[in-house]
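Peer 1: Shown below is the structure under consideration.
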Amino acid sequence: MKSSIFFKLLLLVSLLVVIFRQSYAVADYCNRDADCKRVCLRPYACNLTRHLCMCHPNDVSSSKQHCIPEHKGFGEGGPPPQRLKLYR
């Protein structure tokens, strides 16, 4: 009997953690347009009904810098791509 109550309590706590993380850990959660500035490119707006940013994502890979500044060879363009070998 005790294990059944413990199991139900564990499921309830797990469910609450999942709901909390979905609501507050999501980067595009917003209460006003200014909250979307850090995760979006212009134009951006906050959907106040759903509290989600409506925008083009501010994707790191779309920036001109495709490498980490601290790494050796940053900004040199990197080595040329290797040719693929074709097998017949």
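Each Cβ is built from the backbone N, Cα and C atoms, and glycine gets one as well.
These came from Swiss-Prot, pasted as-is:
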type: DISULFID; residues: CYS30-CYS46; note: disulfide bond
type: DISULFID; residues: CYS36-CYS53; note: disulfide bond
type: DISULFID; residues: CYS40-CYS55; note: disulfide bond
type: SIGNAL; residues: 1-25; note: signal peptide
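Help me picture these features in the structure, burial and contacts included.
Peer 2: Reduced to three states, the DSSP call for CYS30 (disulfide bond) is coil. Under a cutoff of 8 A between CB atoms, and with a sequence separation of 6+ in the same chain, the neighbours of CYS30 (disulfide bond) are CYS36, CYS46, ASN47, HIS51, LEU52, CYS53.
In the three-state DSSP classification, CYS36 (disulfide bond) falls within a helix.
CYS40 (disulfide bond) has a Cβ environment of 21 other Cβ atoms inside 10 Å.
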Peer 1: Same-chain residues six or more away whose CB lies under 8 A from the CB of CYS55 (disulfide bond)?
Peer 2: ASP28, CYS36, VAL39, CYS40, LEU41, ARG42, PRO43, TYR44, ALA45
